[in-house]
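Listed in TrEMBL:
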type     : residues     : note
ACT_SITE : A:D7         : active site
BINDING  : A:D7, A:D141 : Mg(2+) 1 binding site
ACT_SITE : A:E68        : active site
BINDING  : A:E68        : Mg(2+) 2 binding site
ACT_SITE : A:D141       : active site
2 protein chains.
Amino acid sequence: MRVLGVDPGLTRCGLGVVDGGTGRTVSCVAVDVVRTPVDASLANRLLQVSEAIEEWLDRYRPEAVAVERVFSQHNVRTAMGTAQAGGVVALAAARRGLPVVFHTPSEVKAAVTGSGRADKAQVTSMVTRLLNLPHAPHPADAADALALAICHLWREPMRARLAEAEARAAELARTHRARLAAAAKAAAKMKGAAR
Amino acid sequence: MRVLGVDPGLTRCGLGVVDGGTGRTVSCVAVDVVRTPVDASLANRLLQVSEAIEEWLDRYRPEAVAVERVFSQHNVRTAMGTAQAGGVVALAAARRGLPVVFHTPSEVKAAVTGSGRADKAQVTSMVTRLLNLPHAPHPADAADALALAICHLWREPMRARLAEAEARAAELARTHRARLAAAAKAAAKMKGAAR
């Protein structure tokens, strides 16, 4: 399975493609950071991010796209730009019918380092080791994009199995409720007939 | 000039096309609200918003797109979805080379009612009157989209003139600085020759 991880942003947008092998082996296919000029209009910056994503989807043909979920409230303006860049990425994937999953920063950190509170340096160091890279990806956005892809590869089977189990449980509950309703109806009919 | 106003959102996205005539006359070409299902994935909801915008751009051929700028911090999740929907709208316009301008809610309110603090009812009532509509647009997102388009039609010429004046002032300042530098150089040369 091949996953494109995206650490969305307008100033720097991290992109990383990772292949998942058997077990937990992962390998890096490509990694880069796309930048858009600060003085360009928001619409044009989004267009540049969109074009870069389309190009990566064409070139690397990932089977899924993992995007960082933005929550940050530190700087609303930046958070909005990041959210919009993430939206544009999700749109490009949805256009091609590719599944898009958003992962929170702590999910990503926990997946690659074992701790949801790991710092940037720890994430970069683990990504470098896990992917057997000759040197650490730079800037941090590039390492984050790879971490997102790895997180997706490792979490997704579990998430999918959980979703399946939940769907099965919901189905059982529905069947049970239907049987109860049928039994109640039958009981009411018998009562009516007994009168 | 024809403007598409968009009050972005995932649950409800208001769309309004307004033609500007001579002076301050404005007329409504189309108004509607696009809804996307709450239980669909974020990527799919963004895709539905994107497709609706593309269809409106094809059908009504506006010369500019006015989008509401989101600032709200009340509910981060909703604000992010709204920002992402706005980003997708801006992207669709940028793809066609159309200018996209973001207006804040208070700019829009001030433009149509005279007060940046007007409430929803006042905005709807003024939009209905300004566009000579047989009845008030409903829901509020539809009225907001029309208000955005009107705001753009009325503010844009002023904004463009201001931007032009600023560019001219910057050019004058540059010329002035260049002349000063040349004069200083000439003075230094004369001093050198006099020695």
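Just so you know, glycine gets a Cβ as well, placed from its N, Cα and C.
Automatic, uncurated: that is what TrEMBL annotation is.
Using a cut-off of under 8 A between C-beta atoms, none of the recorded positions A:D7, A:E68, A:D141 neighbours chain B. In terms of local Cβ density within 10 Å, A:D7 ranks first among the recorded positions A:D7, A:E68, A:D141.
A:E68 (active site) and A:D7 (active site) have their C-alpha atoms 6 Å apart, to the nearest angstrom. On the backbone, the CA of A:D141 (Mg(2+) 1 binding site) and the CA of A:D7 (active site) stand 6 Å apart. The DSSP secondary structure for A:D141 (Mg(2+) 1 binding site) is helix.
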